[in-house]
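If you check TrEMBL, you get these features:
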DOMAIN    A:70-419  domain 'Amidohydrolase-related'
BINDING   A:H79, A:H81, A:H228, A:D316  Zn(2+) binding site
BINDING   A:E108, A:H201, A:E231, A:D316  substrate binding site
Protein chains: 2
Amino acid sequence: MTKSDQLPTQVTHVELVIEARWVVPADANNTLHEFYSVVIDHQLIVDVLPTDQARIKYAATEVLIADEHVLIPGLINAHTHAAMTLMRGIADDQPLMVWLNAHIWPAERAIVNERYVEDASLLACAEMLSGGTTCFNDMYFYPQATAMAANKTGIRAHIGLTVLEFPTNYAVDADDYLQKGFEAHDSWRGNPLISSALAPHAPYTISNSTFEKVLTYADQLGLGIHTHLHETRDEISQSEATYGVRPIQRVAELGLLGPGFIAAHGVHLLPHEIDMLAEYGCHIAHCPASNLKLGSGIAPVHALLKNNVNVCIGTDGAASNNRLDMFSEMRLAALLCKGASEDATALPAYQALKMATINAAKAMGLDHKIGSIEIGKQADLVAVKLSDFAISPCYDPVSHLVYSCGREHVTHTWVAGELRYSHGTFANIEPLELKEIIQIWQPKLRQYKH
Amino acid sequence: MTKSDQLPTQVTHVELVIEARWVVPADANNTLHEFYSVVIDHQLIVDVLPTDQARIKYAATEVLIADEHVLIPGLINAHTHAAMTLMRGIADDQPLMVWLNAHIWPAERAIVNERYVEDASLLACAEMLSGGTTCFNDMYFYPQATAMAANKTGIRAHIGLTVLEFPTNYAVDADDYLQKGFEAHDSWRGNPLISSALAPHAPYTISNSTFEKVLTYADQLGLGIHTHLHETRDEISQSEATYGVRPIQRVAELGLLGPGFIAAHGVHLLPHEIDMLAEYGCHIAHCPASNLKLGSGIAPVHALLKNNVNVCIGTDGAASNNRLDMFSEMRLAALLCKGASEDATALPAYQALKMATINAAKAMGLDHKIGSIEIGKQADLVAVKLSDFAISPCYDPVSHLVYSCGREHVTHTWVAGELRYSHGTFANIEPLELKEIIQIWQPKLRQYKH
């Protein structure tokens with residue numbers, strides 16, 4: 001024995017140690033740790049080490065034994081309209097334009113106000129936290145109300161300052177949307193859990209001059225841009241008819257493409273457009289369930305990945321999914337990529353997990369803070385129990401997370417080191433409150449049902 | 001008031017009345033009942049009527065109030081290899097031939113015996129019952145062992161008398177497989193929950209002379225035929241090289257096609273082949289997750305449905321899915337059909353539910369007994385709770401079943417009027433037993449892991 005082996009180890013006091021059977025950090029090396037501990041103090045991950053070493057090195061106020069669990073970074077939903085939760089399943093199996101014109105838009109015109117958005121977003125935050133999602137990239141009216149709901153539940157949110165041209169209850173024109181967006185942005189300044197992006201809705205709803213303003217503000221404020229892009233064939237042919245070019249070419253010419261640009265959907269992309277996305281360092285928020293359900297098509301994820309485009313995963317809103325469930329979305333993304341490319345090795349499980357975590361953090365410019373289990377990052381963590389008989393046996397916890405598990409196997413969700421959800425119970429949400437929200441709004445919305 | 005209104009109503013004594021918020025019978029008219037009761041006596045559905053009428057007309061030994069639930073016919077998994085449950089996730093993200101040659105087949109050669117099949121099938125039956133599946137159409141070695149497991153758990157099973165040419169622990173050649181199959185068939189004769197099909201594995205593993213024998217026996221015994229067909233492009237090109245025709249043409253020429261013929265997969269089908277399936281009244285067991293996961297492709301379900309081919313839904317084995325979960329399979333079938341056809345109205349929710357119930361019953365020739373909630377049929381029923389906040393609100397219980405629910409929302413599963421699963425507990429399976437099965441077999445199988 002060397003002398004150092006005999007020295008008494010210095011014990012560090014920390015708030016929380018999670019002793020996990022497995023830890024999947026979603027790091028650059030696709031690491032899988034077994035019998036590992038994650039050490040948390042003052043919101044941060046301060047160590048990741050074998051449990052036997054953690055027991056010597058740390059004394060924790062709380063030790064959580066997760067001996068049948070895999071610990072993963074909190075899932076990040078890269079494209080949401082959280083406040084559409086109350087419209088879940090209101091008009092299924094409808095063609096897109098009927099869905100929008102006859103159901104969703106009339107309902108939004110008549111019903112949506114600040115109170116609605118806060119209530120519906122609260123339900124969304126509850127659904128997301130209980131399913132292991134710790135952060136979402138949102139776009140909707142009344143972003144301040146979404147932030148209120150997020151704050152209440154303790155989830156992290158990257159909230160779009162939504163811009164449209166047409167008048168709604170929320171704003172009268174593009175300048176008004178921008179103005180209201182900046183007021184919202186100012187209101188959550190300094191809040192460690194809320195960040196902003198500029199969210200011009202889509203090329204088919206935004207004029208060139210508004211895109212130019214958005215770009216100017218994005219540069220001035222150092223914010224990213226989140227928009228819908230190439231979701232449907234109609235969108236593309238409309239753009240060709242109106243502007244003479246496909247939407248991506250138009251936004252490229254306007255100067256919007258860059259490493260702060262998140263394109264939701266990207267279903268219909270030509271090879272040179274995929275190259276363009278790669279060259280500019282843009283991000284695709286892939287929404288496979290929504291793209292299938294609305295009949296939009298199947299995004300060329302295999303080609304995007306081959307060309308090193310950063311692809312993350314989103315659920316879209318609950319009106320077109322109808323779950324805000326990153327487990328089913330990861331699974332679908334992996335399966336669909338394999339099936340569409342006829343290559344079983346395409347989009348393996350670890351890559352799917354990274355698309356649902358670190359890739360989304362990169363897209364939002366938050367990868368220095370979240371997206372992986374690494375020392376110095378925020379402790380946004382999820383424990384998933386892998387011992388349920390219906391998902392047994394488990395040979396590989398990473399493949400299990402993607403192909404076998406459901407969100408129902410999530411047992412604990414932490415955001416910034418705080419336990420926000422565990423075994424059916426929320427830290428800050430009363431079940432009765434969610435019931436009341438549904439009782440208030442469902443009768444109002446029912447008339448817009450298919 | 002007429003005289004008859006004043007007569008005292010005659011009360012009928014029955015075993016069970018389920019008072020449901022909604023009943024979705026999966027009948028020819030796509031009915032949806034609200035505040036309805038299903039009345040069960042001696043294994044059968046004896047009435048389906050409004051709950052206020054049921055309370056007058058029936059006195060039941062047991063009344064189950066399912067006031068937040070939708071009651072549906074038990075789901076039928078149209079293509080399984082139940083005993084592969086213990087190989088769940090053993091070799092994911094591998095090309096099909098590597099998956100088979102380096103992992104699945106070596107594991108099967110070394111491990112599979114009668115005890116293995118009974119144990120692994122028991123785990124499969126538990127998983128299926130807890131997820132609302134009441135019947136499965138199986139194909140594997142040692143069918144008698146699968147029947148033993150099914151009997152033990154009380155699930156219904158349509159079990160393939162599996163035929164291959166090559167020797168295994170189970171049988172030495174095609175005649176031996178057939179002989180062992182008939183012994184199994186004889187062993188469960190008279191068992192009301194077990195029925196048989198002839199299950200020649202696939203055109204690429206079965207010779208013409210064996211197919212001819214299978215056909216002769218099928219005719220003599222009045223049994224259907226269940227085989228893999230057109231699962232991969234390789235299978236088709238191999239057939240073209242060996243036989244000069246595509247597999248479906250070959251089995252057609254051998255006389256196998258007909259209303260007793262279930263083709264699992266049917267991923268790659270030309271228009272005239274779809275016509276052929278329709279003309280012969282064949283059935284497709286569509287396995288969307290497995291087809292995607294193994295990179296086989298996307299079946300032309302939209303075209304099959306348009307041409308009135310009877311399509312049902314299967315999970316395939318847990319080694320290529322990795323769930324025996326008819327909820328996620330229904331959802332995937334509906335989403336994939338819409339996305340691949342770029343038509344949001346394709347495969348609406350009620351049709352997806354019928355593919356997972358009555359269509360499968362038709363394929364197995366059991367639609368006189370099971371597959372829908374209709375008077376005179378076996379009481380194979382599932383209650384699904386729709387009030388969980390994560391799937392709220394609910395505007396349409398049918399669309400909710402397919403797009404929002406997961407198998408975790410199943411609260412009760414009955415087979416032939418007997419409650420086999422409820423709220424995490426089985427009538428005939430001890431949780432410890434499942435744990436022991438996993439502890440026995442997982443260490444043996446682990447060496448075949450990817």
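Glycine residues also receive a Cβ, built from the backbone N, Cα and C atoms like all the rest.
Annotated features, which come from TrEMBL, shown on the structure.
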residue: A:H79; record: Zn(2+) binding site; Cβ contacts under 8 Å, 6 or more apart: A:N137, A:M139, A:H226, A:I262, A:A264, A:H265, A:A285, A:C287, A:G314, A:T315, A:D316
residue: A:H81; record: Zn(2+) binding site; Cβ contacts under 8 Å, 6 or more apart: A:D138, A:M139, A:Y140, A:D316, A:G317, A:A319
residue: A:E108; record: substrate binding site; Cβ contacts under 8 Å, 6 or more apart: A:F141, A:T168
residue: A:H201; record: substrate binding site; Cβ contacts under 8 Å, 6 or more apart: A:M139, A:T162, A:V163, A:L164, A:T227, A:H228
residue: A:E231; record: substrate binding site; Cβ contacts under 8 Å, 6 or more apart: A:A202, A:A264, A:H265, A:V267, A:N291, A:S296
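In this structure, the binding-site residues A:H228, A:D316 were compared by how many other Cβ atoms lie within 10 Å of their Cβ, and the smallest count belongs to A:H228. Secondary structure from DSSP puts A:H228 (Zn(2+) binding site) in a beta strand. Among A:E108, A:H201, A:E231, A:D316, the residues given in the record as binding substrate, the maximal Cα to Cα distance rounds to 21 Å. Neighbours of the Zn(2+) site: apart from A:H79, A:H81, A:H228, A:D316, residues of the same chain with C-beta atoms within 8 angstroms of the site's C-beta centroid are A:T80, A:M139, A:A264, A:H265, A:A285, A:C287, A:S290, A:G314, A:G317.
According to DSSP, A:H79 (Zn(2+) binding site) is assigned to a strand segment.
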